[in-house]
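Notes for the one structure printed next.
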Amino acid sequence: MANKEDHMNMKNMSAKNMENNESNMSHMDHDDMKMDHDMTETDHNQMNMDHDMAEMDHGQMNMDHSQMNMNHETMNMSGMNHGDMDMAGTDMMMHGGSMMHMGNLKVKFWVSVVLAIPVLLLAPIMGLNVSILSFSSPLIVGIIIVLFDTALYFYGGMPFLKGAKAEIQDKSPEMMTLVTLGISVSYFYSLYAFIANNFLNPANHVMDFSFELATLILIMLLGHWIEMNALMGAGEALQKMAALLPKTAHLVTDNGETKEVPVSDLKVGQAFQVRSGESIPADGVITAGESTVNEALVTGESAAVTKNVGDKVIGGATNNNGTLTVKISGTGDSGYLSQVMKMVQNAQQAKSKAEDKADLVAKYLFYAALGVGIIA
């Protein structure tokens, strides 16, 4: 009986111990859960801190605009307002693209000169079968010429190949197509001459046109580079003229006081004041004051012009001394500066009569050369 009671007591104690352990484990789990919850809250705090840091970064992004770089080559000025002057027709993308094109032509020309030097030294001169330098191994010389011909044709001649493709797609072959025809015939016939003279053993020596290929590509690249340089000069002049007008003006209010306003807010009939050393924001007639005005960047007149009451002034000119009060006679498209810029832009885009005739002659020459080549 004693053993039985001891066994029961041990069993009860074991059960109590298990309950106590489970209770402790339960408390520990709750504590752990609380700890996990605290850790979760910590994570949330960290998330909030990160969010604050992100906001701080955004604030920093807007702090310093002075370090911001602007790419003028690809800047579109169609939405920019220079003194209420409509710049929608003056797309600086055109000037930036022209600048890039001019840079490419410059590099392409000088690289083509390097590629053409071996051809000009080793190839026969204008069909005379006499070269500047001669070697005892015509096959090796021929291989060298062919390699440089190929590089010159596909690198230096690429602008003409692309231009010819565009003209043919427009069904209007002009100068680019004619040049492409010339360099293509020279290149492929030179390849045939190399193969025939070195491997086919013809009865008569086949004439090589590598010299003509090199000179034609170089001359045409140089001509296009000079043309692009002239266009870029006009484009830079447009940009300088656009920068002549100031961004703000001293508007004369009805009570005779002056108020600084954006130039785009100026209207015909209003009056503004121009102080010494400032640029005139719009065309107008002087109603008060006397000064000398520098109009060199607008009209080309190098000497300062004396201006009195009743004289006209041009927007973009510089007031040298004194203070002038001017009544506005023209802003935006009606301003002198805007009209000059449009004339320059139209001159850039439009072809002259000589260019039209040259393209027409090139068109007929292309068809004539193509027809003669097919018949021959």
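Start at 1 and count along the chain as shown; that gives each residue its number.
Using the three backbone atoms N, Cα and C, a Cβ is placed for every residue, glycine included.
Those TrEMBL annotations? Automatic predictions, nothing curated.
Taken from TrEMBL, the feature domain 'P-type ATPase A' applies to 244-345. In the predicted model, the domain 'P-type ATPase A' (244-345) has a mean pLDDT of 85.
For 137-155 (among others), the entry in TrEMBL reads transmembrane segment.
Feature annotation from TrEMBL assigns transmembrane segment to 176-195 (among others). Tertiary neighbourhood of the transmembrane segment (176-195): same-chain residues 142-143, 145-146, 149-150, 153, 157, 160-161, 163-164, 166-168, 206-210, 212-213, 216-217, 220, 362-363, 365-366, 369-370, 373, selected by CB-CB distance under 8 Å and a gap of 6+ residues from either end.
The transmembrane segment feature in TrEMBL is assigned to 207-226 (among others).
Across the domain 'P-type ATPase A' (244-345), DSSP assigns 20 helix, 39 strand, 43 coil. Residues 108, 111-112, 115-116, 118-119, 122-123, 183-184, 187, 190-191, 194, 197-198, 208, 210, 213-214, 217 of the same chain lie 6+ residues outside the transmembrane segment (137-155) yet bring a C-beta within less than 8 angstroms of a C-beta in it.
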